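K.L.:
I'd like to ask you about the structure that follows.
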C-alpha cells in the first residue's frame, strides 16, 4: 500500500510575517525538496491568494486534490539548488487558518482553527460568508470575532467533506487549550457540535506522548504540521498516511474509517525544540520546569512579573494520567531534527549559510529529499557524504540527542554532539564508532529520553572531515601568532591594533575563551561594543560558544548598560531621545534665546561634543545647557550622554557595584573620552580588587582586565567625540599599556591593501602595509568623467558588467569594449549583494540610485526609520493590538528604551477613535510630550491609520513589513550608502565616486567660500584634525573592497543648487605609488557629425 507524507498547515505570502516568496511554484519546489507528497495551500480565504491558486493549480483527476499546471524548471525557484532535478510529485489540499477572538462564559477566547474544503466552490462560499463578518483581505489568516462553534457550523454546511481541526492546541496564545485564552475542554469550546471534531493539531511544542496523558484526547487523530511561514520550514512536522493520495482518503483516514486509507502517525520536532515547551520569561532569560514554576507561584525570579506558562505545564494541568498511555488504535510517531539544523551542527555554521546550503544540496542531489536523508537513507550512504553527518543522523534516529527546551517564544535547541565532541570537530580530531549504521527507530516507539543541557552552537567546520572546499578568503579556524600573543597578553591593560580584515572579532572571542579557560568567571566578563548591531552579533556568537544560560559573558553597548543602570536605580526608565529629538528639545527649551534654528543646532553640537570630550562649557553656553537640562527633567527625558554621565556618577559615588573583572572593548577607536573614563571607572579599585579577592585571583596594577581592540586608522567619528589618538589617550591613563598589532589581512587582495596603505600614509613616511593572506588578484580602476551624470552611468555600466550585463560605451585606453569585458573580475560571477557604491555625502545617493534603477539594476538605499519603530508610536500600537487581541508589531530588538513594555494608560473608548483622539487625551502624560505629537513619526501614524482604515488594517500592514524580509530584500540589491554607514562591512566590489576636492575631503554643508570654478591646484581650507579624519574615512572606503575597487571623479557636479567644477581630491591626486596597478578608464564619445573620437581625459 502506498505511503505518503502530508503537511496540512502552512501559510501564503499574504499572512503576517511570512516570506514574500511563498507562491505556488516555490511551495511545490520546496515540497519536493522536503519529500512531501501533499501540501496544504494555506490562506484560501484571502481573495488574491485564492485567485493565484486558481490560476496556477488544476484538479488532479478524481483525487479531489490540486496539482501545479506547469511543473517545468521548478528547481529555479530555489536558487541554491538550481541545476539539480527535483524528484517527486506534490499535490495541494485547500486549507486555511482562521483566528477567532471572542468572549465566551465571561472570558475572552482566542482560538485558531484549520479549515479544509474539497473544492474552490466551497472555498469561495466560506470566504463570502466570512467577508460579511469581518475583513478577510488584510491578512491571509483573518482575525474575526466569530465563535469557534459557529465557525464549525459554517464549515459543516459547506460540503459533506469539509472539516475543521483545532490548530496547535497547546500554544499559550490562540489555541484550544492555551494557558492564556483557551478552554479546559473541547466541549466547552465547540458545544453541541463537538462530535464533528475528529482530529487535533498538537503543535510544535508537544508530541503525541505528551497528549497521551489526557484520556479525553484518546479518540482524536493527533496530527502535526509545520505551520510554515517560509519554504524552508515546510515539513518540519508532517503526517504519514497509507493509501491512495486523495482528499477523501485523508478525510476518511483521520476519521478512522478504514476504507483503504490509514493514518500512520506523525513526523515531529523533538517537543523541546518548540518555542513554548517550558515555562519562562524570555526577557529575563528564565526557563523553568512546571514544578519550579509552581514553587515560585508563577512569578519570574528575576523581574517579579508573571511567567508564561508553557505547553508541558499546561498539559500536566489538564492531565488525568500520571504516565502516558498510548491508546490501542493510536499510531506512533518519530522525532526528527530539520536537516539544515543537523548540517549546521556538523559544519559549525548557521543553517542559512553558504557552507550549510552547499552540503544540503549534496545531500538532496545524492539521496533525493530531506525526509529520505533523515528517515530512510542507510548510514553508509550518508557517510559517503560526511562521516559526522552519518553519525548525527544515526543518533537522532535513536533519540540520542541533547535537549535545551524552548520557552516563552524562544525556540529550543536540539544537539546531537556534546560540547567535547563539538570541540573535537573544531580541532579535526573527532572520531566516530567504526560502524555508524543504526537501526531506524520504530514509528510506534516514541522517544522517552528527556535530557536537558546547555546548547552552544556547533564549532567551525573541520575541513578534513567534509569533502567541501573552504571559502576564500577566510580567517583561520585557529589563531595566527599575532592573534595568539594578543589573546594571551596581560593581565595588565592591553591594546590590540587590528587593521581591517585582520580577524578582530575572532581574536576578541578567543580572548574571552582564554579568560574562562584560565579560571575567570563568565559573569564577571563584559564585552563592550560601539553599536547595538555589533553587540547583538557578538552576543549570538557568545551563545554559540558558551550556551544561552545566564552565566555567559555579557556583550552590550555602554548606552544599553547605562540605561539598565538608570532603570534599576529609579525603577523607571526615562524616554531616551534620539539625536534628532534631542536637538528638537534643545531648540524648544531655548526658543527665547534670540538664536535662529541654525545657530541653535550649532550650539547643541558644540555642547554635545564638549560633554563627550569631558570639557567644561563656556559661560556663554551654560545657560542654554541648563535650560535644556530643566526641560528634559520636567518631561522625564534623557539623551544618550545623560545615560553615560549618570552611570559614571553612580560608579564614582560607589553606588554601582562594578561587577566586572575583565572589560573587553571592541572598536575602541570610536569611543569618546567620556566612554573611556567610564570604562576606566569600571576597572578601578577597590571594586575590582574586591572581586579579585573573592575569586582568589592576584591583583595587578591599575587597568587590570582591560582588553581594547580596534584600529586607530579607522577612527571616523570625531564629530561625535571619538578620539583619533586613542592609543596615546590609553597610555596617558595606563603608562604600562601593552600594545600588540595584527597585520595579517583575510579580506582583500594585496594590491588593494597596498593602495590603501599608501593613501593612509601620505606624508607620514614609509607606509605600514597589511599582509594579504589571499592569492586572489585584485583590480583597481580609476575613471574621470566630464559630468556627474556620465560618472553615474559609468558606475552603472561597470556594475552591469560585473553582474553579467554588456556595455559598449566604455573602453580602456587602448582596448576595445569587448576586451574590457573579458578582463574583468568575472563576468556573471557577482550577485547584486556583492557590490556597494560608497559616497561621502548623503546627497550623492539619490542620483546614483536613480541611474542604477534606470539601468534595470536592483538597488537599495538607506531608508529613514519606519514610524512604527519609534518607541512611543510602538507603545500606542501595542495598546491598540492588545485591545483588538492581536499581536503588536515586534519592538526593535536593539531598543534601549522599550516603552511598549508598559501598559498605556488610555481607555478603550479613546483607543478605538484613533491616534488623534489619543493625542488629545494623553497630551503631556508620560511617556509623551507636546513635541512628540508634532513629530514625523506621529504624523505618519495618523496618515497610515486613515489610509488603512483603522487599527486592524494598520497593524496587519505593519506586521507584513517583516524585518527579515527587509533584510533579504536589501541583501539582494546593490548597496548605495555613505562611507560612515559602510564601516564594518565588506563587499567583493566597491565603487567610490565623487573623489573631488570639497566632496572628499568634505568642505562642509553649504560649500561656504568654495568658488564654482576653482583653480586646478585648489584645496579646501580644512583644519588638520578634520583633514586627518577625512583621510581615514577614505581609507575605510578603500578597505571595504575584497577584489574590485573602482575610483571615479567628475569634471562638474551640481552641489547645493550650483554647478561646481572641482579638481581631483588631494587623496586621489597623491596616489602615485602602485599606480601601475590602477587601470584608467575613459568614456569614448561618439559623434556621427564629426566622425571622430574625443578623449574625455584630455
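Just so it is clear, glycine is given a Cβ too, placed from its N, Cα and C backbone atoms.
In case it helps, TrEMBL gives these features for our protein:
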- 498, 499, 500, 501, 502, 503, 504, 505: ATP binding site (BINDING)
- 477-749: domain 'UvrD-like helicase ATP-binding' (DOMAIN)
- 750-1043: domain 'UvrD-like helicase C-terminal' (DOMAIN)
- 437-486: region 'Disordered' (REGION)
- 810-829: region 'Disordered' (REGION)
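For each feature listed, report its degree of burial, its nearest neighbours and the pertinent distances within the displayed model.
P.N.:
Following the DSSP three-state reduction, the secondary structure of residue 501 (ATP binding site) is coil.
As a whole-number mean, the pLDDT of the domain 'UvrD-like helicase ATP-binding' (477-749) in this prediction is 84.
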K.L.:
Have a look around residue 505 (ATP binding site) and count the other CB atoms within 10 A of its CB, chains all included.
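P.N.:
Step by step: centre on the Cβ of residue 505 (ATP binding site), count other Cβ atoms within 10 Å, giving 17.
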K.L.:
Can you give me the residues near the recorded ATP site, meaning same chain, not 498, 499, 500, 501, 502, 503, 504, 505 themselves, Cβ no more than 8 Å from the center of the site's Cβ atoms?
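P.N.:
So the extra residues in range turn out to be 507, 711, 742, 745, 746, 747.
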K.L.:
At a 10 A cut-off on CB-CB distances, which of the binding-site residues 499, 500, 501, 503 has the highest count?
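P.N.:
When each Cβ's neighbours within 10 Å are tallied, 499 leads.
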K.L.:
I want to check the contact list for residue 502 (ATP binding site): same chain, sequence separation of six or more, C-beta distance under 8 angstroms. What comes out?
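P.N.:
Looking at Cβ-Cβ distances below 8 Å from residue 502 (ATP binding site), excluding near sequence neighbours, one finds 742, 743, 744, 745, 746, 770.
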K.L.:
Relative to the Cβ position of residue 504 (ATP binding site), how many further Cβ atoms are located within 10 Å?
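P.N.:
Cβ-Cβ neighbours of residue 504 (ATP binding site) within 10 Å number 23.
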